[in-house]
Amino acid sequence: MYGSMLTNALPDVKKQDIAADVQALRASFATGATKDLATRRSLLQQLNKMVKEGEPLLQEALWKDLHKNPVESYMSEIALVYQEIQDHLDHLEDWASPERVSTSIPNLPGFSYINRDPFGVCCIIGTWNYPVNLLLMPLVSCLAAGNCALLRLPGDDTAMHTNNALIMLLDKYMDKRYVRYVYVGVPETKEMLSHQFDLIFATGGCFLGKIVARAAAEFLTPVVLELGGKSPTIVDDTADLEIAARRITWGAFTNAGQTCVRPDYLLVDEKIGDQLVKLIEKNIVKFFGEDAQKSDSYGRVINRRSFDRLAKLLVNDKARITFGGKTDEKEHYVEPTLLNFKTDFAAFKGSAVMSDELFGPVLPIYYYNSGNLTSAIEFINERPKPLALYLYSTRSEHKRRVAKETSSGSMVINDCMMQLANAHLPFGGVGNSGMGAYHGKHSFDTFSHKKAVLYKYSALDLQQRYQPYTAAGERVMRVVLYPFSRRFWNSLKFVGFAIVVAAIAIAIKQSTRRH
């Protein structure tokens, strides 16, 4: 239907177009239409229809941009969007309803609740490595929470076919009153961010994160930054090596290693290091064949710039390559590659591949001293906090130690990247790897302002809270404001509440007599 129209050519966007889009979205939000749950539900259903009917087009585009197999496209891009939409449709009324909370003694009689209000006009900045998933997943919760959205598709030489596909689909299916898009590079992104938004949600690297944070500071706009970092993997001597090798291979080389939560380097107990590496090599061949370049299950590096960066890294550490290392500039092909530093810690730590997130099919490996998990933990803690951390172990003490003694956006034991498939878990970073989180209800809350609402009655209007203050009044307020413990309330329950109310009443009565 669209195939012949699917190109990598996109029209220019003028500055005034961005300004007009923001203004139009703000006008739409001001009507209050998106506060109606029926409108939100309709938008989600239309988005679901867009993805379902556009699925073949999106898969074709992802193949052209990233050499991404349709099965992989479905698993890593499209299925997660379907799940996110269904999750929000299933729980929309519940999540959007006022949340009743306890009311403190000074505010009785009365009741309290939390309203989840839409922010307004949100800017969602997608990126190229998962161009469908990383744009539409936050859009789901943005619309479900009652906001309008301006989507930024990357407008440089990345994911151009997918951008074109998304533009066709958005134009056909989504209501421009509530969803608009721009496709711009970094310079134009700065121009876009000069406009005031009510929330900015951005996925990318630290460079983009800093641009967004600086721009948001101008208007004190809240931001969610989904960044990246070097996510470590620890494999101790108790791990199931067959399972560990298979899952590490999958995580490290899916999408040609261009995944923000991929295992970026391995720290392996030297006792099982060689054995694990051989199993990873075996799995690479099993997954992609003897020549991964001929495999329709193996991706490509996104563009020439990324290819050149990775090729240079391989040249610098050529002596450490124990598997792979072949490249093809024309196809932007980089073979699945293992760089094994074994026990040479100085070379491993000082290598160029350990200086920044690799974002490619290259996996550095270091063998730490057998049984010395502390050295692996210390190495991780010396570096910026990663987006994810993976541990393969059957030893309970090691699981507890790594969970307790390290900081990361997420942690998975005996697998990798699968935390993204659990909508009950928040996905987000910490420190350099990002701020804020989303997926499932965490997404809905991210795109909602939690407004505190206190409803008071006229009865029991304590005169002692008002000026002029007196010693007698102070005694009353000390009883009213006394920080009773939860244990106290749990032990006495209604009796305890009655005692406190009686004490307040007595104190008030005594205070009134003195007046």
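In case you wondered, yes, glycine gets a Cβ from its N, Cα and C as well.
Per TrEMBL, these features apply:
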- 10-453: domain 'Aldehyde dehydrogenase' (DOMAIN)
- E226: active site (ACT_SITE)
- C260: active site (ACT_SITE)
- 488-508: transmembrane segment (TRANSMEM)
Cβ neighbour count within 10 Å of E226 (active site): 26
Rounded Cα-Cα span from C260 (active site) to E226 (active site), Å: 9
Reported mean pLDDT - the domain 'Aldehyde dehydrogenase' (10-453): 96
Neighbourhood of C260 (active site), C-beta criterion under 8 angstroms, separation at least six: N129, T203, E226, L227, G228, G229, E357, F359, L387
